[in-house]
Amino acid sequence: MIRFAQREYTDEEIYEILADPVREWFRGKFGTFTPPQRYAVIEIHKGENVLISSPTGSGKTLSAFLAAINELILLGKEGKLEDKIYVLYVSPLRALNNDIRRNLEEPLREIREVAHEMGYDLPEIRVAVRTSDTSSYEKQKMVKKPPHILITTPESLAIALNAPKFSERLKTVKYVIVDEVHALAENKRGTHLMLSLERLQNLAGDFVRIGLSATIHPLEEVAKFVFGFNDDGTPRSGLIVDVSFAKKTEIKVESVVGDLVYTDAATLSEALYKRLDELIEQHRTTLIFTNTRSGAERVAYHLKKKFPKYAELIEAHHSSLSRDVRLEVEEKLKKGELRCVVSSTSLELGIDIGSIDLVVLIGSPKSVNRALQRIGRAGHRLHEVSKGIILVLDRDDLVECTVLAYNARNRRLDRIKIPQNPLDVLVQHLLGMALEKVWDINEAYKLVRRAYPYHNLSFEDFMSVLRYLAGEYAGLEEKKVYAKIWLDEKEGKFGRRGKMTRAIYYMNTGTIPDEAKIEVYTLDRRFIGTVEEEFAERLMPGDIFVLAGRTYEFKKSRGNRIYVEPKEGAKPTIPAWFSEMLPLSFDLALDVQRFRKEVKELLNNPKAEQILMEKYRIDEKAAKAILGYFREQAKYSTIPDDGILLVEEVLEERRAKYFFHTLIGRRANEALSRAFAYLVSKKKRCNVGIAISDNGFMLILPREKRLSEEDIRTLFQLEDLRETLKKALDNTELLKRRFRHVANRGLLILRRYMGRKKSLSRQQLNAQTLLRLLKKNYPDFPLLKEVYREIMEDKMDIKNAELFLSWVKEGKIKIVFEQNELPSPFAFNLEIIGASDVVLMEDRRELIKQLHRKIMAMIGELE
């Protein structure tokens, strides 16, 4: 049974279980226990699995380690401490690992000193880190004399499990601590780790599992994820310690200008930097988060340029920077040498960065959990308040952040989504298992299903992965895909095959795809530049985009290259900054829909401003801006909300545009829009352009192919969204690129073989060839199934798109169809994505201003 911890132990009760030197050390250093420690330490001591959800700076890492360290000290005191690994600590960040080692070695040294003063000598408790940075010399030392506490990453653990000598050393593990669970649960690195833990448990017998997480929801699911399942299908028992709100959080939403529509870009930018300067001046250390890496660079650059006093005091920190640069920034921050750091996502995790007084978010963080994680970096100690300010730059952002801040204050978190049954990760582990010994098929199936991500795995899918590994799909051999295991279904057994198999496993395990820069060439082979793979995924033939200040039309792709044709003066269909944007969570999107209804009902209330200011704690500027925005929409068109879905048709000289106001987040909108565009292009026999945002999507057709209201209503009666989307994905760049990732993880295309690294271009060509072969001959091939699952469930959000469609079908949401001369105010942001190349934010604002002026004239609001 999984239950919430009810009992808060007293300091005395905890001191009672601690060894004398540990007790004295703790008393001297901290004096008293923090909430997570009061709930967790004794339970871990008793051998319970525990998940701790608490803010940064609440001592959760020590809560996890204290009981384990205490046990090691007790053993040491009795002379029973052996040379073996007792504690395994796994974290997704290599940087975090070095932090943890430092933060463990110090207390261990101090405890030995205390013991020495008390008159007895304790043996040294050794701590070691094993990651891809660890030298083979260090690794050999660990085999000969294993550390008592081993610190590692999910990737290195998977390799260690198959290291013949070292895996023997893992048999003695008693405690496993998984840190930053929130950063693992939603992706395949987490899947990878959970399978490793089940394999470890099979090797070492039962151990205590301790999960540490920042703010995350629903905790029951996350606990099942960390603890795993019993063979009868019930979750393993354990405790949830939820002290995620032990720390006070203050969140303010601010607009840097009074008028978000008419302020020109230069003034807006001036106001933003002026406000940032004020905030940095008022606080000792400020951490600024932008939503993109390029944004982080830009903000840091402008702050230094505009305010020379900050030249040495401001740095940027994001994942594109080299490791050394990042470490240097973290060190400076810890020593208090910086006034401000600008980051994209790289500082969200618990790297120890010393004390931060204020966190500023520029633009919406798109999810309540992310907002709380980022703002939780402020006030690093428990009694300090986490102060956060969100600065908004447009009206949609203002509405979204108003709801987001309200949810954060009222602890309404977004649900996380844990990938289910990723077959590519399963391939790696079944191969890893075959390297250990000969397995009974049913035993292996049972083991896999103990891991949360696979607790619903069908036997069919499991067998299809084994059959693929055993080379039972004809036609793959000549594509150089060879069998890696033998499989005897009659006997119900499988095992390793081939000398090279172990090397293949070592060289190719892991879940993070190699990031590719895609080269862009003209058809006559002239090199133009590179784009990110994420950007290339979005391209469809005929798409027009800007690179190095010129416009090009996408023609085709070969391997790692894409070919284009210069198209001077053509209007781009895809903005360059699109690939990095964070998607809005579905739960928050629904709350914004409800907020729209609430504001709609306030529009004629003379006290509207006051009501909004009180309930949502926004200032007068913000309340006025929101009400103004909604009044314009209501006058010109209809306000879509949780019961009304607005679809607008806007005709231009040559094109017909359809705006679907489906406020369900970009991931769900991507699923819907691609399926709809596919159906329309089949029916009308023409190309359909798509633009997608969190608040809806737009379809663009030639004017003579326009859709009737009936056509649009029929789209929403769509029977099978999955099947339609699958057809829509056929031949897309997205499918080709994602298939390479899945084929890498599923060892169909090896990144490294015989000590050589295969070029990404080569891999991509192989992927395209294999994809064609499999689609034609084996539509049920496990890795083909997985690439569709990954795109539809992890990249897009098909489940919530289906849910939304069902609400429309059941009539819970009514469709309102309008023909408008211009897009309504709520559609402005979509119009811009599909309108002009808004490489520059200035052009965006200019365009919105022009649209706004025309509409105000139409509803008679211009003097």
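Backbone N, Cα and C atoms are what each Cβ position is placed from, and that goes for glycine too.
Per Swiss-Prot, the features are as follows:
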- Phe30, Gln37, Lys60, Thr61, Asp179, Glu180, Arg377, His380: ATP binding site (BINDING)
- 41-234: domain 'Helicase ATP-binding' (DOMAIN)
- 179-182: motif 'DEAH box' (MOTIF)
- 275-424: domain 'Helicase C-terminal' (DOMAIN)
- 418-512: region 'WH domain' (REGION)
- Ile512: site 'Wedges between bases of the loading strand' (SITE)
- 513-863: region 'Domain 4' (REGION)
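Mapped onto this structure are the features recorded in Swiss-Prot.
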| residue | record | DSSP (3 states) |
| --- | --- | --- |
| Phe30 | ATP binding site | coil |
| Gln37 | ATP binding site | helix |
| Lys60 | ATP binding site | helix |
| Asp179 | ATP binding site | coil |
| Arg377 | ATP binding site | coil |
| Ile512 | site 'Wedges between bases of the loading strand' | coil |
Tell me the Cβ neighbour count for Ile512 (site 'Wedges between bases of the loading strand'), meaning other Cβ atoms within 10 Å of its Cβ, over all protein chains shown.
14
Cβ-based isolation winner (fewest other Cβ atoms within 10 Å) among the binding-site residues Gln37, Thr61
Thr61
Quick check on the domain 'Helicase C-terminal' (275-424): DSSP residue counts for helix, strand, coil, in that order please.
62 helix, 24 strand, 64 coil
For the motif 'DEAH box' (179-182), what is the mean per-residue pLDDT, to the nearest integer?
93
With the cut-off set at 10 Å between Cβ atoms, which of these binding-site residues ends up with the most neighbours? Options: Asp179, Glu180.
Asp179
Among Phe30, Lys60, Thr61, Asp179, Arg377, i.e. the binding-site residues, the one with its Cα nearest that of Ile512 (site 'Wedges between bases of the loading strand') is Asp179
Chain-internal residues, separated by at least six, CB under 8 A from Arg377 (ATP binding site):
Thr56, Leu287, Leu347, Glu348, Ile353, Ile356, Val359, Ser386
What is the one among the binding-site residues Phe30, Lys60 whose Cβ has the most other Cβ atoms less than or equal to 10 Å away?
Lys60
